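J.: So that we are looking at the same thing, I have put the structure below in structure tokens.
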Protein chains: 2
Amino acid sequence: MSEAPAGGLEIARLSTSDVDFEARLDALLAWEGVSDHEVQRRVADILEAVKTRGDAAVVEASNRFDRLSASNMAELTLGPDRLREAFEGLPEAQREALATAAERVRRYHEHQKPETWSYTEADGTVLGQQVTPLDRAGIYVPGGKAAYPSSVLMNALPAHVAGVGEIVMVVPTPDGVLNELVLAAAHLAGVDHVFTIGGAQAVAALAYGTETVPRVDKIVGPGNIYVATAKRAVFGQVGIDMIAGPSEILVVSDGGTDPDWLAMDLFSQAEHDEDAQSILVSWDDAHLEAVAESMARQLPTMEREAIIRTSLSERGALIRCRDRGEAVALLNRIAPEHLELSVADPEAWLPEVRHAGAVFMGRYTAEALGDYCAGPNHVLPTSGTARFSSPLGVYDFQKRSSLIGCSAEGASALGRTASVLARGESLTAHARSAEYRIRD
Amino acid sequence: MSEAPAGGLEIARLSTSDVDFEARLDALLAWEGVSDHEVQRRVADILEAVKTRGDAAVVEASNRFDRLSASNMAELTLGPDRLREAFEGLPEAQREALATAAERVRRYHEHQKPETWSYTEADGTVLGQQVTPLDRAGIYVPGGKAAYPSSVLMNALPAHVAGVGEIVMVVPTPDGVLNELVLAAAHLAGVDHVFTIGGAQAVAALAYGTETVPRVDKIVGPGNIYVATAKRAVFGQVGIDMIAGPSEILVVSDGGTDPDWLAMDLFSQAEHDEDAQSILVSWDDAHLEAVAESMARQLPTMEREAIIRTSLSERGALIRCRDRGEAVALLNRIAPEHLELSVADPEAWLPEVRHAGAVFMGRYTAEALGDYCAGPNHVLPTSGTARFSSPLGVYDFQKRSSLIGCSAEGASALGRTASVLARGESLTAHARSAEYRIRD
């Protein structure tokens with residue numbers, strides 16, 4: 001099939017019956033976050049500077065990259081009072097919407113708390129796992145055009161629900177511009193401190209600690225290539241969440257959803273940025289055509305028309321498949337961040353959905369509802385990483401410790417087995433340590 | 001206090017009352033896995049070669065680094081029959097010990113399976129999370145002196161319990177030497193294929209796939225600096241577990257445990273390699289002295305005396321603290337991989353243990369029992385990373401998908417909130433997508 005514009009809309013048209021379908025799909029899905037040697041070198045320099053010179057290096061880098069003129073970290077620090085002021089200063093509608101979203105997100109995440117467990121064996125040996133929260137978490141919030149209050153809620157609330165002792169947020173303020181909604185969200189989400197710093201210098205400050213910024217145990221939140229490179233570099237020193245790629249949606253439609261709704265759902269993904277990806281799959285030709293027409297018609301009315309247009313023409317696609325079975329195979333192959341099952345009986349599809357960050361079920365469940373306030377997290381695995389990773393959750397801010405308590409009898413029995421295996425590995429101190437606990 | 005030898009034993013002696021205690025403890029715990037530019041460059045070259053030339057590059061690298069003369073991947077592949085043969089060929093005692101260990105590890109890990117859950121709100125909206133296993137997991141098993149059958153069980157069994165579709169194991173065979181116990185463990189643990197390859201080339205093969213090696217979704221298992229560097233590089237392309245540092249134990253003793261037992265427990269950690277770390281903490285001076293004397297006495301009887309001696313003198317320590325409270329503070333500060341609570345009432349300590357990979361409770365619970373057969377995993381967070389990470393577990397081989405199914409009524413209510421928030425973020429396609437679902 002061709003990529004011919006549909007009434008002014010440029011978007012790839014694929015069919016699973018095309019001979020080159022696999023190759024075209026591969027090309028469409030290909031994404032590699034480019035971190036060249038130059039970026040790595042610059043990030044390494046910043047990390048080293050912050051590690052050795054602390055606050056001074058953070059202030060210098062912030063002044064330079066965010067065009068500020070701060071003389072110390074105190075000027076780049078916001079306390080809880082400032083966050084509360086931001087919340088109280090919002091128009092009522094925004095204040096209420098933010099509070100509603102926070103409450104729903106909190107409630108959903110309460111369901112995610114893993115429990116400490118243990119069991120006792122016949123000989124009295126106790127085995128289990130103890131779950132504890134992190135002492136301190138760092139939330140990276142991008143500045144500028146991608147400063148989203150909803151992201152503050154989605155990153156900080158799971159940490160709060162997990163029982164994290166202290167939540168530290170960093171958000172750059174290019175040219176000194178503060179986003180009041182972001183600060184208000186931080187207030188609602190239980191953030192303890194905010195530092196108005198960003199980039200690799202903020203990641204370094206959180207990972208190593210400075211005179212002012214406390215060292216955290218894990219850093220979460222999206223950022224540009226410098227932030228992603230810095231996070232990858234400090235991984236191990238601290239925990240990190242996934243390195244996020246561009247946002248994507250895969251809509252599977254059975255033809256029964258209003259084409260205008262679906263067009264707007266695809267736009268909502270495409271408007272994020274030029275790299276965002278919107279794909280629609282259906283086995284209904286006329287329906288695909290109707291959605292394409294609606295997109296062409298509605299596109300000129302969009303505020304972010306230019307971004308949407310680029311995103312759709314460079315990374316979007318309408319894919320015709322043969323039937324429901326092929327749609328299932330496709331969605332598992334793509335492992336999308338967002339999967340909209342715009343079909344009559346989405347529950348029936350679930351057992352076959354192996355890989356997806358979030359599943360939006362049915363015609364009413366627009367992804368946008370999940371982005372803001374349905375409850376589940378909007379920080380989701382991108383670029384096919386739903387094959388092996390999960391939405392950000394309470395479990396990301398907790399960790400487990402194995403518990404092993406052997407009774408005298410249990411130690412004696414286990415000691416015999418351990419001794420044989422340890423000697424098989426030529427680890428005789430292991431063997432003798434176990435043998436000391438054998439009776440008789 | 002001094003580092004004076006105690007009867008031929010060199011080991012650091014620290015006291016929390018020393019004025020330089022904090023600095024000395026920092027120095028003792030400092031560990032940085034060195035991956036210099038040269039290593040990174042060589043790893044990058046190998047990754048690129050395998051990505052572009054597949055099997056041929058893997059065979060070349062294996063011949064070169066493991067001193068083999070394979071002409072194709074078939075010669076580096078072992079099927080299930082070969083694994084079963086290895087198991088059946090073991091002496092009975094080893095076969096039974098391995099089977100006992102495998103059964104206990106499997107049983108423990110069955111308790112770790114997270115469940116799919118959902119709840120329905122008053123307006124019919126359904127929210128939840130669906131848990132699914134990975135399609136394919138890759139297990140890296142080191143070759144040479146660190147080829148441990150117990151590690152095969154500990155890495156592969158959680159994947160098996162998780163329901164992973166296919167488990168692929170790689171293990172280098174330097175100079176062509178196969179370890180029958182390792183193959184036998186693979187048989188017991190449900191490994192599907194074994195490739196006798198290692199190093200960065202094995203990581204690359206698993207991450208990208210080749211003509212012969214299937215691409216996996218996650219790579220777990222320890223390796224040398226080339227393996228660790230390669231894993232860090234492919235992280236994002238595939239999932240990885242933690243980058244492991246040297247193994248460590250922290251024993252806290254109340255003075256009531258036989259000094260000979262504790263000396264051997266400390267040796268069992270130290271015998272792993274020269275970088276391993278064994279630390280004993282107690283508030284009982286005479287007891288610390290008794291353990292030191294026992295170590296000096298028993299050391300000459302150890303097969304791995306030289307390794308233990310180096311490890312203890314370079315990274316070991318006997319630490320005197322004031323009381324139980326200081327011991328708790330220390331253990332949380334150190335966040336050890338293995339924590340032996342060799343005390344009268346270890347359960348009473350648990351609520352205060354915030355950070356530890358595994359807790360071995362009471363005088364009978366030698367770490368060696370947990371290393372082999374108690375049930376919990378022996379792949380644990382090292383170098384203080386227990387602050388933010390967990391033992392390898394079933395949860396590492398599963399992932400979650402958020403579920404959101406809005407009723408018409410629910411979508412209408414949520415749409416109002418989402419619309420306000422989306423417009424606050426200037427994302428009008430998001431707002432309009434939500435507004436389409438508002439009634440009236």
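All positions are counted from 1 along the displayed chain.
Yeah, the Cβs are placed from backbone N, Cα and C, and that goes for glycine too.
TrEMBL does not curate its annotations; it predicts them automatically.
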J.: Quick check: of A:Asp217, A:Asp345, A:Asp371, which does TrEMBL put in the same Zn(2+) site as A:Gln269, A:His272, A:His430?
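T.: Record check against TrEMBL: Zn(2+) site with A:Gln269, A:His272, A:His430, extra candidate from A:Asp217, A:Asp345, A:Asp371 is A:Asp371.
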J.: Can you pick which of A:His287, A:His338, A:His355 TrEMBL lists for the same substrate site as A:Ser247, A:Gln269, A:His272, A:Asp371, A:Glu425, A:His430?
T.: A:His338
J.: In sequence order, which same-chain residues at least six apart have a C-beta under 8 angstroms from A:His272 (substrate binding site)?
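T.: Counting only residues 6 or more apart in sequence, the Cβ neighbours of A:His272 (substrate binding site) under 8 Å are A:Pro246, A:Ser247, A:Ile307, A:Ser311.
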J.: Take the C-alpha atoms of A:Gln269 (substrate binding site) and A:Gln201 (NAD(+) binding site) and report the distance between them in angstrom, rounded.
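T.: Cα to Cα, A:Gln269 (substrate binding site) and A:Gln201 (NAD(+) binding site) are separated by 30 Å.
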J.: Out of A:Tyr140, A:Gln201, A:Glu337, A:Asp371, A:Glu425, A:His430, which recorded positions come under 8 Å of chain B, measuring Cβ to Cβ?
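T.: Checking chain B against the recorded positions, the residues within range (Cβ-Cβ under 8 Å) are A:Asp371, A:Glu425, A:His430.
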J.: May I ask which residues of the same chain, at least 6 positions away in sequence, place their Cβ under 8 angstroms from the Cβ of A:Asn224 (NAD(+) binding site)?
T.: A:Pro142, A:Gly199
J.: Using a 10 Å radius around its CB, how many other CB atoms surround A:His430 (substrate binding site)?
T.: 29
J.: Here are the binding-site residues: A:Gln201, A:Ser247, A:Gln269. Which has the lowest count of other Cβ atoms within 10 Å?
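T.: Comparing Cβ neighbours within 10 Å for the binding-site residues A:Gln201, A:Ser247, A:Gln269, A:Ser247 has the fewest.
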J.: Based on Cβ atoms within 10 Å, give me the single least packed residue among the recorded positions A:Glu337, A:Asp371, A:Glu425.
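T.: With the recorded positions A:Glu337, A:Asp371, A:Glu425, fewest surrounding Cβ atoms within 10 Å: A:Glu425.
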J.: Compute the C-alpha separation of A:His430 (substrate binding site) from A:His338 (active site, proton acceptor), stating it in Å without decimals.
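T.: The Cα atom of A:His430 (substrate binding site) is 49 Å away from the Cα atom of A:His338 (active site, proton acceptor).
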J.: Test of understanding: give the count of other CB atoms lying within 10 angstroms of the CB of A:Tyr140 (NAD(+) binding site).
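T.: Around the Cβ of A:Tyr140 (NAD(+) binding site), 27 other Cβ atoms lie within 10 Å.
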J.: Just how spread out is the substrate site if you go by the largest Cα to Cα distance in Å among A:Ser247, A:Gln269, A:His272, A:His338, A:Asp371, A:Glu425, A:His430?
T.: 56
